[in-house]
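Data block below; observations after.
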């Protein structure tokens, strides 16, 4: 009997060329978006000196992404998915060019930043939805879990590298360089995506989009197991919105512009480690309990983050949050795929992604509001410990999720 490895199996990148192209495009895209993610809050903080305004930008972008995910789900089921992906990526690049040109003005427009955030959030989510819908055709349904873990690792590694580069660019060239390179990277992603095969939508009866979405909502509300997983995912994403406080906390810790990048890189770094060492997660006998406990630990890490006397200790707390949130997220993904009926998988995955975006937007708005009334340190701690209390209550209430057991799959030589 072969012992299951802790490490993630990357063989899909060798055996599936189309998935390899998506992997490359996604990595470049994440690096580009990371440059943007550092520049926007820092620019708004410098222009307004208001954490509320920083939170508002994240909230508006998150709202646009939510709408884009809903619209994108309909488009991906009715039109050729490769075309939807390419159109969405190219349109996003145009928005990044607009941010670059705005940053070069003597007096950049705050309204333009907000509007372009809406633009990019909407079109970016169109591409995400189409790519999610196309993934089974690219890798085969039997490889979806492995593809999901590789995708998480790609996103996290890119998110580690890009904030560090973004911080250095801020210290040397200003936000315009961040926006310009983000636009260039986005257009470069079109090259590997052009090699994808045609991805036509599956034949299906015509149904009003709202009716289909309502059926998905009803399933979530009726299933304490799947609904509980979705609720935990939303709360976990709310906690990650602590990044809107990074610029203000950086001032409190007297960090340089280059050091700010370490704050943005810490969570992705921890999550990358979590994804890379996720080989045994799918074999957990009680994944629901493990999901709940890892989520509670993540909330505790955020509560302690703002209390740290030195920024390097804060980075450690953020990395711990990233690792625990990766464990929880991978378990959420696995259980959603196995506990959701085949006919509901598309809608439930879309709604799960959308509620994560919504949780991020709500968390950003709440933290921005807290930042206007409290110190950044108090805001970060209040959010973390508040979510921890809610998490403990859910640990007691979500009985079916807590007690859920599964039979570990058989380990073969190819899995080791």
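The backbone N, Cα and C atoms fix where each Cβ goes, and this holds for glycine too.
Feature annotation from Swiss-Prot assigns topological domain 'Cytoplasmic' to 1-21 (among others). Taking the topological domain 'Cytoplasmic' (1-21) as a whole, pLDDT averages 78 in the prediction.
Residues annotated as topological domain 'Periplasmic' in Swiss-Prot, with sequence analysis given as evidence: 43-55 (among others).
Swiss-Prot lists 77-83 (among others) with the feature topological domain 'Cytoplasmic'.
Look at Swiss-Prot and you will find 105-109 (among others) tagged as topological domain 'Periplasmic'.
Taking H, G and I as helix, E and B as strand and the rest as coil, DSSP gives the topological domain 'Cytoplasmic' (131-156) the counts 25 helix, 0 strand, 1 coil. Taken from Swiss-Prot, the feature topological domain 'Cytoplasmic' applies to 131-156 (among others).
Swiss-Prot lists 200-218 (among others) with the feature topological domain 'Cytoplasmic', giving sequence analysis as the kind of evidence.
Sequence-distant contacts of the topological domain 'Periplasmic' (240-256) (same chain, at least 6 residues past either end, Cβ-Cβ under 8 Å): 37, 41-42, 45, 51, 54-55, 58, 171, 263-264, 267, 302, 305-306, 310-311, 314, 321, 325, 359-364, 366-368, 371, 375-377, 379-380, 383-384. What Swiss-Prot lists as topological domain 'Periplasmic' is 240-256 (among others), and the listing cites sequence analysis.
The topological domain 'Cytoplasmic' annotation in Swiss-Prot covers 278-287 (among others) and is backed by sequence analysis.
Long-range contacts of the topological domain 'Periplasmic' (308-313) within the same chain: residues 249-250, 253, 255, 259, 262-263, each at least 6 residues beyond the stretch ends and with a Cβ under 8 Å from a Cβ of the stretch. Sequence annotations record features per position, and here Swiss-Prot assigns topological domain 'Periplasmic' to 308-313 (among others).
Residues annotated as topological domain 'Cytoplasmic' in Swiss-Prot: 337-356 (among others).
Per Swiss-Prot, topological domain 'Cytoplasmic' is recorded for 400-416 (among others).
Residues or ranges marked as transmembrane segment by Swiss-Prot on the basis of sequence analysis: 22-42 (among others).
Counting same-chain residues at least six beyond the ends of the transmembrane segment (56-76), those with a Cβ under 8 angstroms from any Cβ of the stretch are 40-41, 44, 84, 88, 113-114, 117-130, 132-134, 201, 209, 213, 241, 244, 346-347, 350, 353-354, 357-358, 360-362, 364-365, 368. The transmembrane segment annotation in Swiss-Prot covers 56-76 (among others) and rests on sequence analysis.
Taken from Swiss-Prot, the feature transmembrane segment covers 84-104 (among others), and the record attributes it to sequence analysis. Counting same-chain residues at least six beyond the ends of the transmembrane segment (84-104), those with a Cβ under 8 angstroms from any Cβ of the stretch are 25, 29, 32, 36, 39-40, 43, 72, 75-76, 112-113, 116, 119-120, 123-124, 126-127, 130-131, 134, 174-176, 179-180, 182-183, 186-187, 189-190, 193-194, 196, 199.
The transmembrane segment annotation in Swiss-Prot covers 110-130 (among others) and rests on sequence analysis. Sequence-distant contacts of the transmembrane segment (110-130) (same chain, at least 6 residues past either end, Cβ-Cβ under 8 Å): 33, 36, 40, 43-44, 47-48, 53, 56-57, 60-69, 71-73, 75-76, 81, 84-85, 87-89, 91-92, 95-96, 98-99, 102, 199, 350, 353, 357.
Sequence-distant neighbours of the transmembrane segment (157-177) (same chain, 6+ residues past either end, Cβ-Cβ under 8 Å): 26-35, 37-39, 42-43, 100, 103-104, 256-265, 267-269, 271-272. The transmembrane segment annotation in Swiss-Prot covers 157-177 (among others) and rests on sequence analysis.
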> By a Cβ-Cβ criterion of under 8 Å, what residues six or more beyond either terminus of the transmembrane segment (357-377) are in contact with it?
Replying inline: 50-56, 58-59, 61-63, 65-66, 69, 125, 233-242, 244-245, 248-249, 251-252, 306-307, 383
>> Counting by DSSP secondary structure, give me helix, strand and coil numbers for the topological domain 'Periplasmic' (105-109).
In response: 0 helix, 0 strand, 5 coil
> Ranking 22-42, 179-199, 219-239, 257-277, 288-307 by Cβ pairs under 8 Å to the transmembrane segment (379-399), which is first?
Replying inline: 288-307
> Considering only Cβ pairs under 8 Å, which range in 22-42, 179-199, 219-239, 288-307 makes the most contacts with the transmembrane segment (314-336)?
Replying inline: 288-307
> Are there residues at least 6 beyond the ends of the topological domain 'Cytoplasmic' (131-156) whose Cβ is under 8 Å from a Cβ of it, and what are they?
Replying inline: 8-13, 16, 18-19, 22-23, 26-27, 30, 73, 76-77, 81-82, 85, 196, 199, 201, 268-269, 271-272, 274-276, 278, 282, 322, 326, 329-330, 333-334, 337, 346, 349-350, 353
